[in-house]
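What follows is a set of notes on a single structure, which appears directly below.
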Amino acid sequence: MIAFEHVGKRYGGRFEALAHLNFRVARGEMVFLTGHSGAGKSSLLRLVMRLEKPSRGRVVVAGHDIAQLHASQVPFYRRQIGVVFQDHQLLFDRSIFHNVSLPLEIQGVEPREAARRVRAALDKVGLLHREKALPIELSGGEQQRVGIARAVVNKPALLLADEPTGNLDPQLSADIMALFEDFNRIGTTVMIASHDLALIAQLRHRILRLSDGRLVADEGAA
Amino acid sequence: MKSSATPRRQQGAALKTPRKAAAKPLADKPSQRGARSQQTRFSSRLRAWGRHHRSMAWDSFQRLVRYPLGNLLTMLAIAIALVLPAALWLTLDSARLLDAELDESATLTVYLELSTDAAQAQRIEEAVNAEQSVLETRLISAEQGMAEFQQSLGLDNALAGLESNPLPISIVVHPSSIEPVAMQQLAATLEAFSGVDEVRLDLAWVERLRNLAELGRRVALALGALFGLGVLLVVGNTIRLSVESRRREIEVVMLIGATHAFVRRPFLYSGAWYGVGGGLLALGLLGLGNHWLSLPVAALAASYGASFSLPQLDVTGSTILLSCSTLLGWLGAWLAVTRHLSSIRPK
């Protein structure tokens, strides 16, 4: 599903965020990406999202070198990836329902169908009863679950998450991770950047460990 | 349910990108869609597109209404910029300077000496008519001349008090050629006739009038272009601010796959609404100005014994003004958003 081939990323010509990355993630796999802050986890995810292009090497997603995508094709590429952000990236002037339906709106899904799928996604994260609320009325854990609902509402084949449990207590974090495992179980490829080592150790999935932009360990590969 | 009813199919559809080489399927399910479902997909995309246009038009209208005062000021600025060139154009139009009829009146007028009587005038006209380069002639008696003069000035009573008719008998000559040189030659020939006092070449007058009209037209156009640019700037600046205030929203929707066209759309509608509002206000201002000036103008005209009414924008003129302002608003928004979008990158 994802293949990094000799990938390097420099910012501003000097700072080397990533270097000599080589790994593959199979379709349907669930992978944790870990390492101290500044190790390059976010940079790696940004490359997969095609927010940036690698300075060296190739990032291949589903058989295509995504650096080759024309700027006008990038939106269509991004629609196929669900992304959960640490700071949720919710729109605070819209209800939970409208936040979650945003990807469907962008894709032009027919409103009745969209409503059905938004409710299904909200139901999955246990927030169906809050659909009319504004994000500000929700707790941090609930906001994160809204972010997850938005990421999965168009049933992406690939789900990325950047520190999804960053500000949550252990119990909420475990709930969130369980949600990701559910999505993985129905065939979604999941890649989660997290430095919550205790939590990911319990979950027994593959772990890619980054340090100073290099891959230093690849544990528990299937 | 149509094409996107089941999750499976929707996934297949979502994996399709519009460019032929662009399909980057994350799920490598070779889809065997026939031409028919291609068509339904296309029509459903078209429907989705129309839906988004409708909802954005409505959404941007509501945003406009939500802050009535600020938006009204923007529209007023647009309206003022439009009123000035429009008013100038109307004035020129009312002075009949924009008339094409001017072209047809390239004639010579032969004024006979005041002592000439009707029979002599008749003979002179026949002689003039015999000239080769003369197409036709028309004899105007002193009385006719006076009547026409009064009519053309719209002064019914002012000349009635004159004791005797000061106008000579005249002959209007349509030359066969309206070339300036030929007309000048003809004028010289006619001037040599006995009993002819003066030959007036109307060409010069026509030429002068035409130049004046051209001058007025160009001034109006230049003003129109300048103020049009002003409208662009006003709308562009307003839209720039609203792009800036919705920056976060734009970043988020771009993160989850919105195209530039999608992001641009609500702002383009805002711009168009500004244009529509500005255009309507401009029409209102023109009407108001007309109403305000009509009384003194009518009184002034009446004191000269004439009747004159201020020009008003007709349906065509109003439509043109409104379409121009809408287009300008749209264009201003387009320029502002396009310039700005390139600087917004999702974080």
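Every residue gets a Cβ built from N, Cα and C, even glycine.
Unlike curated records, TrEMBL annotations are generated automatically.
Per TrEMBL, these features apply:
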type: REGION; residues: B:1-42; note: region 'Disordered'
type: TRANSMEM; residues: B:72-92; note: transmembrane segment
type: DOMAIN; residues: B:108-199; note: domain 'FtsX extracellular'
type: TRANSMEM; residues: B:219-239; note: transmembrane segment
type: DOMAIN; residues: B:223-338; note: domain 'ABC3 transporter permease C-terminal'
type: TRANSMEM; residues: B:272-295; note: transmembrane segment
type: TRANSMEM; residues: B:315-337; note: transmembrane segment
Inset, instruction - Report, as numbers and ranges, every residue of the chain located at least six residues beyond the transmembrane segment (B:219-239) whose Cβ falls under 8 Å of a Cβ in that stretch; write 'none' if there are none. - result: 74, 77-78, 81-82, 84-85, 88-89, 92, 267, 270-271, 274-275, 278, 324-325, 328-329, 331-333, 335-337
Inset, instruction - For the domain 'ABC3 transporter permease C-terminal' (B:223-338), give the DSSP counts of helix residues, strand residues and coil residues. - result: 100 helix, 0 strand, 16 coil
Inset, instruction - Would you mind splitting the domain 'FtsX extracellular' (B:108-199) into helix, strand and coil residue counts from DSSP? - result: 37 helix, 22 strand, 33 coil
